[in-house]
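Student: Copied straight from TrEMBL:
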TRANSMEM  B:20-39  transmembrane segment
TRANSMEM  B:51-70  transmembrane segment
TRANSMEM  B:90-112  transmembrane segment
TRANSMEM  B:119-146  transmembrane segment
TRANSMEM  B:166-186  transmembrane segment
TRANSMEM  B:215-234  transmembrane segment
TRANSMEM  B:296-314  transmembrane segment
Amino acid sequence: MPPTRPGAYALSTRGLTKRFPGVLALDRVDFGVRPGEVHALIGENGAGKSTLIKVLTGVYAPDEGEVLRGGGPVSFGTPLAAQRAGISTIYQEVNLVPLMSVARNLFLGREPRGRLGLIDFGRMHRDGERLLSDYGVRADVRRRLGELGVGAQQMVALARAVSVDARVVVMDEPTSSLEPREVETLFGVIRRLRDRGVAVVYVSHRLDELYAVCDTVTVLRDGRTVHTGPLEGLERLRLVSLMLGREIGEVRAEGTTKFGGDHEAASAEPVLHAEGLSVPHQLHGVSFTVRPGEVVGLGGLLGSGRTETVKAVAGAVPRSAGRVTVAGAPVRTGSPGAAIRAGVSLLPEDRKSEGIVPGLSVRENIALAVLPRLSRAGLVSEARIDSLVRTFMERLRIKASSPHQKAGELSGGNQQKVLLARWLAAEPRVLLLDEPTRGIDVGAKAEVQKLVDELAAEGLGVLLISSDLEELIEGSDRVVVLRDGAVVDELTGDDVTEDRLMEAIAGAAEEEPHSEAPAETPAAVPMGDSAPGSAREGAPHG
Amino acid sequence: MAEAVAGRIAPDRAAVHSWLQAYGVYVGVGVLLLFNVAFTDHFLSAENFRTQAVQVAPILIVALGMALAIGSEGIDLSVGSVMALSTSLVALYLGYGPWVALLATVLGGIAIGLVNGSLVAFVGVQPIVATLALMVGGRGLALVLVPQLEDVRDPGMRALGSGDLLGVPYPVLIALALVLLVGFAVRRTTFGRQLLAIGDSRPAARLAGLPVRRVLLCVYVASGALAAVAGFLATARLQASDPTSLGSLMELSAITAVVVGGTPLSGGRVRVGGTVAGAVLIQLLTATLIKHDLPPSWTQIAQAAVIVLAVYAARERGKR
Amino acid sequence: MKPLARRLTAATALLTALALASGCAKSEDEAGKPTSGAGSEGGGQVAAEPTKGAKTCTVGRYGGEKLDLSKATVGFSQSEKEANPFRIAETASIRAEAEKRGVKLLTANAQSQFSKQISDVQDLISKGADLLVIAPLNSDGWEPVLKQAASKNVPIVTVDRQINATACKDYVSFIGSDFVQQGRRAADQMIKATGGKGKVAILLGTPGNNVTTERTKGFRDRIKKKAPELDVVFQQTGEFAREKGQQVTEQLIQSKPDIDGIYAENDEMGLGAVNALKSAGRKAGDVKIVTVDGTRNAVQGVVDKWIHGVIESNPRFGPLAFSTLDDFTSGKKVGQSIVIKDGAYTPANAERDLSKAF
């Protein structure tokens, strides 16, 4: 499907090809986005989305083919060159200076100058406030950016990007760390951009979002364009089947998530007891239990203390009070190693910085937590590692060119599978999963969900955190709901429904100080530090 | 237009840089060897190679420890002072025989390593600051123990410094044995694997239950012990205990050898072979400039140029 | 790895024990050794013949009062740690002479930090020093101290290094060696040893140091003038250290095996060169080595025929410094710049004068 009217595109590609050692990442890709259009770019991990974005924004140079901007071929040597050509990118991670004020960040490099060439702070703060309120964001622009929640930081990044006169905005999974209300605000901003004639490329794994905000969709699979067209009238199931390259019947038969029914665990003795877990400013006496063969969901808003809870259990965050026992034996605080030996494994939320060791091979990553067990007198047994790695790569269907490929080079889904393999190799009795399917493709997501089910069926106790309500509901036998670092509700049996969960969580929302936001459209994003742990949970880099 | 050209050649250049970072040091050694064979009088002689090998041995031994420290995303600036301390300890304990002296120096190195490692692993001081303290203090301590150069006259020491076994000088044999030992430790032991994981991603290693503190402690202990052995050998060769100048600026030579050898300063990787080649490169560079009687300042400039090149190659790689 | 932790603990304990024991080991060693380099043993300095018309200074011109040295307090500020034979001998000589004359001596050591030397000197003045002997670390930066000394009428004599100030106004006089002259005399020895023909190498001191520059200048100028057939074919720094001297000489004798002489700008580098020649299987006297300083080890090298000659740079400033102060305080004329007469050790006198070496 080559673009028929190249002149009409704000940004397009023709026959774009990009190779990496052993991989054809992009195979003659044609892609185009028009002014005033929100164009969804979707595909499984490894389909070539990230590579395409990186070529469009000047991070990579194409091996063949060309990028066209406003009808003429361009070649950006650097991301800065792309930015100068009016192409801005909003990444998952915010690329701003956390120690500077919001206003400084908004005007970084183009500060309004007063006499003597000094920065005119008064004007900068007024302009900054106006700019943000244009996008429905209320904030004190004098505060340091790092004090804001991740969602708010992202809004600032977006406001900055569009205010530098971007004609094309590329958003790579912008909602992955936003709360639902923040997502709404973001969509409002995107619609405004569209109305102003900005071309938006929108990458996301969340189908709901695509239908809510996008006009057009391009589906990539295995480095090729498999579909381009309007999103309206395109069935969800059809979209999924395009991405997966599978027939509709197959997809439907498997349902939206891979979770099976409830597990028969109600009668067993709990394997994990957490009593009165406290972490200063973050957790205030959280208690719960997990039985063998049971999947317990941990629900709550961003900043409610979900991540802190699992970290406190796994010894990654020292607790000031409370105790954790696994099968009756107490687990020492502050030592992940002790927790692992006691049978508690944590799949961390932040896969990139706390999970994967990017420079080491897939093999080393899988064996990492169990090296002492696979060694004799400090010497590593390569044979035992090989057999362990082979077993898990097969069982979890990890796609890598070889066990010796660097883990950092894998797609997100495969990295997650490598981490799961690492933790399963440790033979845990309790598995703590913090957002196990965030940022991974549909196929891998289904596989991970199915695996969790199987593991529970085999008798493992699972604690699941997910911002995806559907996943949480379908996956969990029981849901413990957290608010402001304390357990506020527990849903069991027939109460485990999206409605009940929303109610339980919403109970929390009513009590939040900033919820009485003025009825502007779009809704203002509260940018205060209402929940003490919010920035931390959302931004593990901070 | 310039941007367009730059854009198109970018991937090739990145590949070239990444290759250069890993193997450039061998090319450098090759080029220097060829140059010397062609233009340096009496270069191709067993005696000359022996001289270069003996001179490079202490640098190499220190660089091995430095490679471990850098691989763990740290650094050990105290190595030169550890050499000074060990030369003092030789003077103090040689009376009990060379083996006791060697034991004393290694224990001294381990003690310094324990202090460094504790500061880094348990107190959480940045390696560059923690080891800076002993870089300054270590030499001071050495001078307190032995305030001035003392001659070391011992047949055993002399044999270690300038004797040989089957034509290979003892310092070279010892250095090679330590290369194999460190290479083995990095590749085949849990310590080595854990060290690399910690250097690559400390938070991930911690969450994976690795004994981060213990591994870091061991890294600095190993670095201290290796520097102590280097100090012992240098003392044996000099036949004098000279805490004032022995090992001065050794930390810079060692860091250069490691970085030029392709071990990234960002940690997570230890290139033992590259470190050997890096040390040899520095030695050959110095030897070439001296043999051709170029002004001494040129040696420093040339070393600086090599470091800049190596870091440049590393930077290109890091961008990927 | 618990066992490892235990082993490490054991090692630490052992080390502590060894460290404690080292105190004893050290003192036993000391007891057995002859105390080297005491000033009284010989080799005290003598001023070179004053050249005609040399400037002099008197207490009247300087501004101050006569006093009786034997009842005065003298402050001595040393620049560097006593970690090399020169500094050790220098300080020992000052102490010995003070003791001999019954003068009360206050000492301080700047440990190679100029700021410390400034405060050292101020300290000495405030502690009641009537006269000062200073071995300066730097030539510049002395104004504040000199002013303070002048306001309290404390005469100053500087030794071994000159300061940038006016003699007989800011300070009384400077006593030291002429490093250019040392270079010339080393050249004379080298010419004699090689017959004025052949190839020689220079092991330079630390680059940028005035001692290095002057010893090099004297040597090269004299060779150029007196022995044009003697070629300086090699000139590399050994940084005044034995190890570097050894390493550079090793490279030298590989690439220029036919070298006839090596001029080392201090004894340590010369001894390093001897090490290198020995381990390369050369014979004593094969390569003529001339060094500067006059340490015991180097003079022993002359006795053993490995070193051809040693030009003395006498560190025993005690007698001359005190006699100068004595003359000055009793109202006699003293020279503003007193160049000391350095000796030399050659195969002819080395054995006899070995005891004079420091």
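Along the chain as shown, the residues are counted starting at 1.
Yeah, the Cβs are placed from backbone N, Cα and C, and that goes for glycine too.
All TrEMBL annotations are machine predictions without curation.
Owing to the predicted nature of the structure, the values given are computational and were not obtained by experimental measurement.
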Student: Quick check: do the transmembrane segment (B:51-70) and the transmembrane segment (B:296-314) share at least 3 Cβ pairs under 8 Å, counting only pairs 6+ apart in sequence?
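Tutor: When sequence-distant Cβ pairs are counted, the transmembrane segment (B:296-314) does not touch the transmembrane segment (B:51-70), since fewer than 3 lie under 8 Å.
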Student: Applying the under-8 angstroms CB criterion, which one of B:90-112, B:119-146, B:166-186, B:215-234, B:296-314 scores highest with the transmembrane segment (B:20-39)?
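Tutor: Ranked by Cβ pairs under 8 Å, first place goes to B:296-314.
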Student: Are there 3 or more C-beta pairs under 8 Å linking the transmembrane segment (B:166-186) with the transmembrane segment (B:90-112), counting only pairs at least 6 apart in sequence?
Tutor: no
Student: What stretch of B:166-186, B:215-234, B:296-314 shows the most Cβ pairs under 8 Å to the transmembrane segment (B:119-146)?
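Tutor: Between the candidates B:166-186, B:215-234, B:296-314, the best contact partner of the transmembrane segment (B:119-146) is B:215-234.
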Student: Could you tell me what the rest of the chain brings near the transmembrane segment (B:166-186), counting residues at least six beyond its ends with Cβ under 8 Å?
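Tutor: Same-chain residues near the transmembrane segment (B:166-186) but 6 or more away: 50, 53-54, 56-58, 60-61, 64, 67-68, 71, 159-160, 192, 195-196, 222, 226, 229, 233, 236-237, 270, 272-273, 276.
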